[in-house]
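Contents: one structure, followed by commentary.
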Amino acid sequence: MINKINFVKMHGLGNDFVIVNKRDLATSYNLSHLAKNMADRHTGIGCDQCIIYEENNDFYTMIIYNIDGSSAKLCGNAIRCLAKLIYLDTGKQNITVMVGKKKLLCNVKAANKISVNVGNVSFNETWMPSRDKIWKFAERYMLDLKEMLCVDIGNPHLIIFSKLEPQDKTIIGQKLQAKELFADGVNVNFAEVKDNKIYLSVWERGAGLTLACGSGACASFAAGLKLGFVHSPSTVVFEYGNLIMREEDGNIIMQGAATFVMRGEYYYEK
């Protein structure tokens, strides 16, 4: 049986998403399987992640699926895209989005000026390996590092302050998905700091290297603040654009663009 599903495609600085309203989906659908099929760039629509959202009384919930069908706990670029979509459809400028157990406050100042308060971060969680173990990993692969730091912003990140070649980032990103250090994998951020700007590329667990990562930008900014590498406000630079970061009362606030690409219909054969 073939089912027709309405979708929207958007991107945040090149990090692209297929977004579907849950009301358009049958309750019998395996959402992980659907997301994996939609995300395939050869046989589906193609995206880094698939977003399923639902409207509640005074907030929206969203579920994030990676290209391999696994779920993600947070995605800053996707939240900006969803906030813009809701703004375009309803005119709402102040929007609350719940991801997992975390409520995030979004404000759409203009179509391409969207801020998200992602709350505070943690540098001390049970999933984080000891500093000695992380540095032994770096020594094994002969990484020339300035510093490394684990950050939890609702999802797990390792920030590596170092200048590495693209092929090395791929190798390190893949190696760190093994269970040796991070039982559930980790998002690996490769950060270079210059003139209070963070030049960032991110290996996202379940997705690989992406053109941008909003939660990675927030985590890297928080790490840079803690280590004294940057001050607030700061800019995180990606290949397709920048995010403006600031800290207010312990909360990390991200501001940037979200771009509408298309609306369409996807034919899902169960």
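Please read every residue number as a count from 1 along the shown chain.
Cβ coordinates are placed from backbone N, Cα and C, and glycine is handled just like the others.
What Swiss-Prot lists as substrate binding site is Asn15, Gln49, Asn66, Gly76, Asn77, Asn155, Asn187, Glu204, Arg205, Gly214, Ser215. DSSP assigns Asn77 (substrate binding site) to a helical segment in the three-state reduction.
Cβ contacts within 10 Å of Cys75 (active site, proton donor), excluding its own Cβ and spanning all protein chains shown: 29. Positions annotated as active site, proton donor by Swiss-Prot: Cys75.
Within its own chain, Cys213 (active site, proton acceptor) has Asn15, Cys75, Gly76, Asn77, Asn187, Asn189, Leu200, Val202, Glu204 as residues 6 or more apart in sequence whose C-beta sits under 8 angstroms from its own. Annotation comment: Swiss-Prot describes Cys213 as active site, proton acceptor.
Within 8 Å of the centroid defined by the CB atoms of Asn15, Gln49, Asn66, Gly76, Asn77, Asn155, Asn187, Glu204, Arg205, Gly214, Ser215, the record's substrate site, lie the Cβ atoms of Asp48, Ile64, Ala72, Leu74, Cys75, Ala78, Val202, Ala207, Thr210, Cys213, Gly216, excluding the listed residues themselves.
Each of the binding-site residues Asn66, Asn77 was scored by the number of other CB atoms within 10 A of its CB, and the lowest score belongs to Asn66.
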